[in-house]
Amino acid sequence: MNAKQKKNLIRIAVSGAMMLALEFVPVEGLARFVLYMIPYLIIGYDILIKAFQGIKNRQAFDESLLMAIATIGAISLALYDNGDYTEAIAVMWFYQIGEWFQSYAVGKSRNDISALMDIVPDTANVEGEDGQLEEVDPDDVEVGSVIVVRPGERVPIDGVVIDGTSSLDTSALTGEAVPRTIKKGEDVASGCINLSGVLKIRTTKEFGESTASKIMELIEDAGSRKAKTEKFITRFARVYTPIVTGLAVLLAFVMPLYHIATGAPAEWSTWIYRALIFLIMSCPCALVVSVPLSFFAGIGTASREGVLVKGASYLEALASTKTVVFDKTGTLTKGVFDVTGIHADDIDKDMLLHMAAHVERHSSHPIAVSLRNAFAHEADSCSVEDVEEFAGQGVRAKVNGKVVYAGNEKMMATAGVETHGCENEPVGALIHVAIDGKYAGHIIISDVVKDHSVQALKELKKAGVRQNVMLTGDVKEVGERVAKDIGIDRVCTDLLPQDKVAKFEEILKERKDENEMTAFVGDGINDAPVLRRADIGIAMGAMGSDAAIEAADVVLMDDDPLKIPTAMRIARKCMAIVRENIWFAIGIKVVCLILGAVGMANMWFAIFADVGVTVLAVLNAFRCMFVKGIKPENV
Amino acid sequence: MKKSYKIEVDCANCANLMEDAAKKTEGVADAVVNFMALKMKVEFEEGADPKQVMENVRANCKKVEEDCEVFI
């Protein structure tokens with residue numbers, strides 16, 4: 001609570017108590033009026049001053065001015081009628097309570113959500129020449145300086161560890177709960193919390209260019225890209241107040257005149273009272289505050305789950321996404337090759353892998369790397385000699401005196417060995433192995449599907465996605481097989497990188513409705529053009545990749561595909577709350593306006609339509625913060 | 001040229017009014033007020049002096065909402 005809020009709370013309490021006390025003071029006439037004016041002025045003096053300034057600045061629809069007219073009007077009516085000033089003062093009183101609550105709730109949510117996202121430390125510890133630590137403003141730390149991060153502290157600036165080992169809590173950046181072990185020579189991103197050991201880090205970036213600062217900037221800017229709903233509300237607010245004020249004038253003057261014209265009694269005070277009700281309800285605040293608050297909460301929640309949404313408009317688009325297009329490698333699959341099968345003919349499986357790994361001992365080809373990774377004891381004492389590489393075919397070498405060929409079918413042809421295909425129609429490449437002129441079997445190497453891909457695709461369908469599409473450069477058989485395995489609806493194979501934009505545009509054209517959004521998910525490498533072309537470009541595993549953060553609209557900090565349905569779930573919840581608030585607030589206001597016009601509502605009603613609705617809408621907006629991320633199923 | 005300024009304002013509708021007022025100020029090409037982050041992003045017209053323009057923006061904002069502040 002800040003000083004202003006405290007002061008206003010005291011004003012509310014004092015005037016409320018006074019009003020209650022005056023109920024029991026039996027005074028009449030002028031004395032009564034003067035006594036009642038004390039709580040009125042205590043609670044409303046600032047509104048009256050602002051109203052006066054509104055007139056001076058020619059702001060006809062200034063909220064304070066309308067409120068002042070409504071309450072002064074009610075007091076005048078009371079003066080003329082029966083001396084019941086309570087209603088007028090209560091209107092001002094509740095109005096101030098509403099304002100106070102709104103200010104408190106918004107301030108609180110601002111703090112809560114900022115704390116959720118506050119990943120930028122205020123200080124950095126720089127090591128001086130004498131080894132002493134000096135606490136400085138991270139903005140002043142030059143690239144290449146050595147900073148020290150003690151356990152429990154957040155890493156302020158990106159850099160490389162030069163001394164120490166520790167485990168890092170990266171959850172602020174990635175939403176990943178399991179700590180990451182870090183040791184000398186490894187890169188560390190700012191925003192992570194150092195959990196165990198002291199780390200000395202040589203900075204590689206300036207503070208302002210570091211991951212944490214960039215992310216904060218992104219999130220703070222997110223609210224500036226306003227969603228369509230928010231623009232609608234702003235436009236609505238712009239016309240709502242003048243229309244309701246206009247109707248109030250009509251009620252106050254035209255209705256009595258009409259009655260006079262038709263010979264009925266004018267009933268001026270009745271109609272003026274109803275007009276004042278309209279003025280009280282003319283403030284659009286409930287609507288206007290709840291919409292950006294909901295989006296802010298939604299974006300904050302998403303960032304807690306490791307998803308950066310770069311604007312409220314993207315949250316909106318994400319909620320109505322009907323087609324998700326994936327670039328296969330690096331999003332649904334790990335993008336690294338693994339040995340996924342060994343089919344040995346006559347020899348032991350391990351022996352086959354053993355031989356193949358040795359042949360590839362000196363090659364830097366990705367396939368060679370994966371073979372060596374699959375065979376844990378590659379660096380054993382076996383002798384590998386006479387290595388010869390056949391470009392586009394494979395490798396031949398002498399392993400422990402045996403001549404071993406490893407490669408594709410062409411390699412086998414060169415070796416003069418008869419091969420046979422694989423019975424199981426494998427997904428991936430076959431590495432044939434021949435030992436001493438005899439076919440020994442083959443090893444299957446393929447890109448491995450990520451653990452959560454299947455679940456992620458299922459969850460997307462649950463979240464309302466109609467079609468999951470996969471783009472890949474793989475040949476048709478392999479691509480279709482992968483698609484079938486993981487449950488993709490449609491696959492486009494044999495695509496060169498430059499074909500992907502064209503293919504994506506084709507998919508875009510197929511949509512039936514302008515409001516159906518098409519998202520593209522890429523790993524941020526080579527697919528920036530498609531990321532830009534999509535309604536929503538989602539970049540994965542983008543921690544540290546500036547180009548991807550730049551091109552994408554939604555950035556997943558790690559490379560878990562489950563984050564996509566999580567983001568959609570948050571977006572949909574957020575949009576549902578925004579819509580609820582809009583309909584609820586407009587609905588209540590319209591109903592109360594109608595009731596007020598026909599004389600069925602009094603000022604208490606009006607104050608509920610204004611303050612009550614604001615409070616409920618703000619509370620409802622908070623629900624955006626309680627959406628949980630999707631938990632991985634055990635696989 | 002774009003610049004970001006911290007602002008202070010209590011109600012969401014007032015923030016929208018401030019945005020309108022800022023947009024109409026001479027020398028401002030575009031302005032966006034972010035009520036939740038309490039920030040105003042101003043894009044200046046070519047050749048405008050941000051300091052001078054912002055003084056006017058603040059004055060115009062004060063006209064629509066007395067109880068606001070723009071930190072220049």
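The backbone N, Cα and C atoms fix where each Cβ goes, and this holds for glycine too.
Bear in mind that the values here come from a model prediction, so they are computed numbers and not experimental data.
If you look up TrEMBL, you'll see A:120-220 marked as domain 'P-type ATPase A'. Residues or ranges marked as transmembrane segment by TrEMBL: A:64-82, A:239-259, A:271-296, A:582-598, A:604-622.
Against the transmembrane segment (A:604-622), stretch A:582-598 has more CB pairs under 8 A than any other of A:64-82, A:239-259, A:582-598. When each of A:239-259, A:271-296, A:582-598 is checked for Cβ pairs under 8 Å to the transmembrane segment (A:64-82), A:271-296 comes out on top. Residue counts for the domain 'P-type ATPase A' (A:120-220) by DSSP state, with H, G and I taken as helix and E and B as strand, are 20 helix, 34 strand, 47 coil. As a whole-number mean, the pLDDT of the domain 'P-type ATPase A' (A:120-220) in this prediction is 84.
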